[in-house]
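Asks: Below are the features I grabbed from TrEMBL:
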REGION    41-83  region 'Disordered'
COMPBIAS  41-58  compositional bias 'Low complexity'
COMPBIAS  65-75  compositional bias 'Low complexity'
TRANSMEM  88-106  transmembrane segment
BINDING   Gly137, Ala138, Gly139, Lys140, Gly141, Thr142, Arg254, Pro299  ATP binding site
REGION    157-187  region 'NMPbind'
BINDING   Arg163, Glu185, Ile186, Val187, Gly216, Phe217, Pro218, Arg219, Gln223, Arg260, Arg271  ribonucleoside 5'-phosphate binding site
REGION    253-263  region 'LID'
Amino acid sequence: MAATACGRQAWRQLMRNSCRGPAATPSKLLRQQQPYRLAFQRQTSSTTRTTPSSLLRQQPLAQRSYSSGSQGGQQTPPPRSSNSQIKFWPFVVLIALGSGGYMLLINRRKTMPPTTQTTPAFSPSEVTVLFVLGGPGAGKGTQCARLVRDYQFTHLSAGDLLREEQDRPGSQYGQLIKDCIKNGEIVPMEVTIALLENAMRDTITRTGNKKFLIDGFPRKMDQALKFEEVVCPAKLVLFYDCPEAEMEKRLLERGKTSGRADDNAESIRKRFRTFVETSMPVVHHYEAENRVVKVISTPPPDQVYADTQVQLKKALGDKF
Ligand code: UP5
Ligand code: MG
């Protein structure tokens with residue numbers, strides 16, 4: 001009680017001092033508190049007698065009582081009170097309950113049907129998707145225009161959709177797309193896949209046309225797998241093969257008037273590198289699955305188109 005009263009007194013004094021203004025500096029306040037702190041210590045030590053120093057003094061005795069016989073250990077350990085004993089049964093009960101629950105879960109899983117795979121948004125039996133791939137300037141867009149004219153496809157160029165999104169006022173991806181295109185890098189697939197899926201849905205709703213040429217996509221394995229999983233499996237890949245020197249010549253020529261931010265020597269170099277390192281593995285993946293129709297696109301456009309028709313008819317029949 002005395003200690004508590006002392007503490008209260010100290011607190012009141014501290015508050016009085018702190019209200020006195022500039023004279024009550026922190027060091028002064030500390031000095032003023034000192035007698036109260038000492039008084040408080042004296043009170044406690046006289047009642048409990050367990051100051052740090054007294055505890056230290058007791059320590060050697062306590063150690064001896066648990067030491068081995070060689071250190072004069074005739075003394076037996078003090079009897080442990082029932083309160084200090086560790087109780088094991090709660091742990092045993094917990095472990096038993098946990099294991100039981102786990103076994104129940106496993107058994108329930110066994111009787112559950114296997115997890116269903118994601119269903120693509122469009123069924124390949126109703127919607128036809130042809131991926132059109134090839135290096136930058138290989139002639140994908142040029143050939144797609146002819147296929148649209150003759151076979152009623154809807155042409156969706158991933159690059160065009162990205163450029164549109166980049167220019168759309170308020171687009172949160174505008175800057176990201178701009179940077180990627182300038183550097184010949186690939187825009188994160190979530191953006192491109194969403195644009196493609198929306199465009200497909202929109203086309204089907206507006207026109208009822210369900211035949212799509214998806215140009216310049218997928219450019220990366222993860223895009224390929226994701227698109228086929230969530231949007232629509234592709235019927236095949238139309239791959240235009242063209243040497244880099246020819247593609248570079250075409251792009252530099254087009255760059256004189258196209259206004260495209262990536263039709264310049266530096267961007268073209270980066271686009272080529274991305275194509276070889278990241279997009280060619282996609283072509284190889286589909287080749288391994290026997291789903292690629294390859295057309296050499298070095299000759300003039302009409303000749304390339306004639307060959308495209310021959311190849312597509314071979315793969316898909318006359319009415320593709
Ligand atoms: N030309 C065409 N065919 C010819 C022929 N047989 N003989 C002589 N000349 C021919 O043709 C290019 C030029 O060559 C034209 O002037 C044409 O007249 C002439 P084009 O048909 O436009 O070729 P294309 O293969 O379509 O070239 P493009 O430049 O469009 O190819 P890219 O794949 O580089 O461009 P895209 O627009 O698809 O992508 C641009 C960027 O968008 C990418 O680099 C990337 O940053 C980004 N992107 C993504 O991030 N993700 C995507 O999924 C798609 C794009
Ligand atoms: Mg193109």
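Don't overthink the numbers, they just go from 1 along the chain as shown.
Each residue, glycine too, has its Cβ placed from N, Cα and C.
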Asks: With the ribonucleoside 5'-phosphate site defined by the record as Arg163, Glu185, Ile186, Val187, Gly216, Phe217, Pro218, Arg219, Gln223, Arg260, Arg271, how many Å span the farthest pair of C-alpha atoms?
Replies: 24
Asks: Using a 10 angstroms cut-off on Cβ to Cβ distances, just flag whichever of Gly139, Gly141, Gly216 is the loneliest among these binding-site residues.
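Replies: Sparsest of the binding-site residues Gly139, Gly141, Gly216 by Cβ contacts within 10 Å: Gly141.
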Asks: Counting distance between Cα atoms, which of the binding-site residues Arg163, Gly216, Pro218 is nearest Lys140 (ATP binding site)?
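Replies: For Lys140 (ATP binding site), the closest Cα among Arg163, Gly216, Pro218 is found at Gly216.
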Asks: What binding-site residues in the list Arg163, Ile186, Pro218, Arg271 lie within 10 angstroms of Gly141 (ATP binding site), counting C-alpha atoms?
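Replies: Near Gly141 (ATP binding site), where near means Cα within 10 Å, there are no binding-site residues at all.
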Asks: For Gln223 (ribonucleoside 5'-phosphate binding site) and Ala138 (ATP binding site), determine the Cα separation and express it in whole Å.
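Replies: Answer for this pair: 21 Å between alpha carbons.
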Asks: Near Gly137 (ATP binding site), which residues of its chain come within a Cβ-Cβ distance under 8 Å, counting only those 6 or more away in sequence?
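Replies: Sequence-distant Cβ neighbours: Cys242, Glu246, Met247, Glu248, Arg250, Leu251, Arg254, Ile268.
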Asks: By DSSP, how many residues in the region 'NMPbind' (157-187) are helix, how many strand, and how many coil?
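Replies: Taking each residue of the region 'NMPbind' (157-187) in turn, the totals are 19 helix, 1 strand, 11 coil.
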Asks: Out of Lys140, Arg163, Arg254, Arg271, which of the binding-site residues has the smallest number of neighbouring Cβ atoms within 10 Å?
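Replies: Counting other Cβ atoms within 10 Å of each of the binding-site residues Lys140, Arg163, Arg254, Arg271, the minimum falls on Arg254.
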Asks: Across the region 'NMPbind' (157-187), what does the pLDDT come to on average, as a whole number?
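Replies: Mean pLDDT for the region 'NMPbind' (157-187): 98.
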